[in-house]
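Record features, source TrEMBL:
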- 312: ATP binding site (BINDING)
- 27-164: domain 'Bulb-type lectin' (DOMAIN)
- 284-557: domain 'Protein kinase' (DOMAIN)
- 1-26: signal peptide (SIGNAL)
């Protein structure tokens with residue numbers, strides 16, 4: 001090493017706790033005559049981090065040990081870097097971290113070298129070499145001397161070995177990050193850096209916690225970032241109580257929370273400003289009605305700063321409106337994703353229930369897609385809408401604390417912003433399902449024409465009910481028309497039946513919206529049709545997850561030719577049994593077997 005006393009500020013990620021009693025050295029470095037072994041540790045100069053050996057996962061089931069660095073003051077062991085992620089050791093007492101006579105730092109196991117730095121420079125310096133986590137102050141980019149930097153995901157929370165995803169700055173020189181699958185296939189891009197945000201991460205515009213900095217010179221190109229306030233590192237959530245408060249006792253485990261209590265207007269010293277804002281929204285809203293649904297109307301509103309918002313006013317019986325209000329607040333109020341409509345505020349006063357959302361310039365998908373619209377969506381836009389909506393639903397199903405089943409996926413509930421980025425909206429019928437459960441019993445809800453078969457049979461539903469509805473929306477994106485249409489002769493043209501048949505016969509172009517005049521990527525059209533016909537399979541287990549749908553539409557997973565669903569085969573054999581169904585929202589109605597709404 002260049003210095004006999006290299007200092008350590010190694011910061012990266014891993015996770016889960018380890019109950020090893022650690023013995024910490026007094027110093028913050030290793031000298032040439034010392035080594036680190038067993039349960040010995042050293043701490044960083046500032047006291048935030050510790051270096052030593054640790055285990056991940058269930059200690060009784062695994063004998064794997066790793067050398068790494070973790071947060072010293074966080075009670076739950078949270079490793080932030082692992083030296084031997086691909087080569088664990090079985091006994092830390094027979095392994096040691098030592099500076100060799102060559103000046104290199106090495107991890108030895110029974111005197112066999114496991115890993116080391118292969119140059120005379122520092123093994124790791126100034127957080128310039130991340131493994132699977134990018135922390136404040138670290139560089140992530142490309143240097144002439146060091147080459148390309150890459151973060152590689154871990155296999156899972158118990159196994160820090162390299163996974164299949166990697167993140168790196170664009171090797172072609174642009175100021176964007178690329179996420180690769182299997183080191184080679186692009187999976188996602190951040191979009192170009194415009195000096196303030198990455199163009200594909202628009203949420204950076206809104207109260208972002210981090211300050212990014214882009215550096216490009218003759219020696220290196222990289223991004224680094226800092227926290228606006230590093231005194232508090234916390235995940236964020238908003239809990240809303242109705243009625244009596246829960247037991248708010250918190251253990252003093254270092255994970256404190258800030259609690260805001262809702263007071264009556266008379267208890268607020270300065271409530272005028274809040275009241276004026278609400279009045280401004282309401283007055284601006286009644287100027288233009290945007291739409292009307294089963295549970296209320298949506299208006300265009302204006303805030304004092306001239307910003308447009310969409311105000312949803314819940315109507316009907318108070319009990320029904322209250323339930324829809326709670327549903328929306330408890331679901332969309334606690335999640336944030338670029339493909340989900342964002343709840344900006346709410347008003348709950350006497351019998352008034354108002355929800356304030358971002359205003360979407362292009363309205364709902366149905367107004368832009370179907371015949372009669374002055375705008376004809378091109379195929380590229382339709383495909384991006386299909387992919388964006390899939391990402392939003394996949395996030396609800398797979399990435400939230402609880403699985404959120406939307407229960408009413410249809411074109412009317414997919415909104416389009418000024419760039420036609422889709423936002424899944426209207427969570428008044430949504431259901432939260434704990435991760436320990438796979439399905440839930442509930443009352444019949446949704447819209448005829450998009451209902452999965454399990455709704456009709458009255459069995460417990462799962463996230464696959466949304467998959468079915470999404471498949472129906474995909475078919476309408478392809479055809480540009482409603483799935484059920486009554487012809488002049490009186491018979492019904494049911495597009496899902498025709499799509500399943502034409503797809504199996506290879507007549508893809510016959511399914512495409514005639515207004516496009518064949519101007520579309522037929523490979524993408526076929527991919528969408530295949531996904532749609534898999535999504536509308538009768539049996540839930542034959543449908544893909546929304547996460548798989550996203551990967552298929554992104555071209556990462558291949559999709560085979562789906563069978564014609566059994567219910568569609570029956571319609572083909574007896575078309576007289578097909579009842580023409582006009583699109584109609586059921587709201588919530590009793591299931592045939594009398595299930596309860598849980």
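The backbone N, Cα and C atoms fix where each Cβ goes, glycine too.
Just so you know, the Cβ of residue 312 (ATP binding site) picks up 27 other Cβ atoms within 10 Å once every protein chain is counted. Across the domain 'Bulb-type lectin' (27-164), DSSP classifies residues as 3 helix, 58 strand, 77 coil.
Per-residue pLDDT, averaged along the domain 'Protein kinase' (284-557), amounts to 85 for this model.
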